[in-house]
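**Student:** Pulled these features from TrEMBL for this protein:
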- 1-11: compositional bias 'Basic residues' (COMPBIAS)
- 1-30: region 'Disordered' (REGION)
- 44-115: coiled coil (COILED)
- 199-221: region 'Disordered' (REGION)
Amino acid sequence: MRRAQSVRHYTRSSASAAATGSDDLGVLKEVPEESTEVTLRRQLLEKDKENDKLRDQIQALQAQLAQRPPIEAIQELRKEYSNLELILQGTQRENERAMTELERGKQREKLLERELEKLAGGNWQANLDIAPAGMASPHSSRTATALFSPTHHMTSLPPNGASRASGDATVPHVEQVRLLVLGMEERLRVREEKLVKAMEKADQESHRFESLRKDVSAAKT
């Protein structure tokens with residue numbers, strides 16, 4: 001009798017333990033399933049946010065591409081940029097050459113001025129009727145022959161015979177030097193005008209070159 005009760009009690013205990021164990025297994029199985037679902041939902045939300053960011057970036061890039069000029073216009077700008085660069089380099093070389101020639105002309109002019117001081121004295125500009133600073137007057141060019149003719153110098157020289165002979169010998173040389181100075185001053189004036197025009201052209205090309213460089217830089221970005 002006792003053995004039968006013990007068997008029944010053991011059977012009930014085993015059944016309850018089995019039921020409890022099965023319930024625990026069910027709970028253990030349910031918890032991972034819920035955790036996995038939450039994790040997947042969170043990952044899905046993160047991916048949606050990343051997709052939204054990428055979509056915004058794509059739209060911004062498309063807007064930039066729409067504003068960018070066509071490739072043909074960029075190639076044309078680069079070609080014009082190269083041409084202007086060559087023109088600017090040539091203009092700079094021409095300016096340097098003109099400045100060198102102008103400096104040489106000024107040096108020759110100083111040498112002639114020293115020779116004129118030896119021949120006509122310190123006030124040679126007034127004696128030879130040559131305006132200072134390279135400004136030769138029309139009157140001086142028209143009356144050059146009359147002012148420096150042998151007759152004019154013979155009347156202005158002292159009555160001494162030796163001085164008169166020396167003056168007659170000096171007049172042709174002075175006349176040649178004076179005409180040479182006038183010619184050099186005229187050439188210097190013409191060169192200065194050309195140099196000014198070349199510098200103005202170079203300045204214009206430089207501004208145009210800088211503007212084109214900015215356009216090309218903007219097109220690249």
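A Cβ is built for glycine as well, from the same backbone N, Cα and C atoms used for every other residue.
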**Student:** Using DSSP, tally how many residues of the region 'Disordered' (199-221) sit in helix, strand and coil.
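**Tutor:** Counting residues per DSSP class in the region 'Disordered' (199-221), I get 22 helix, 0 strand, 1 coil.
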**Student:** Need one number: mean pLDDT over the coiled coil (44-115).
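**Tutor:** When the pLDDT values over the coiled coil (44-115) are averaged, the result is 87.
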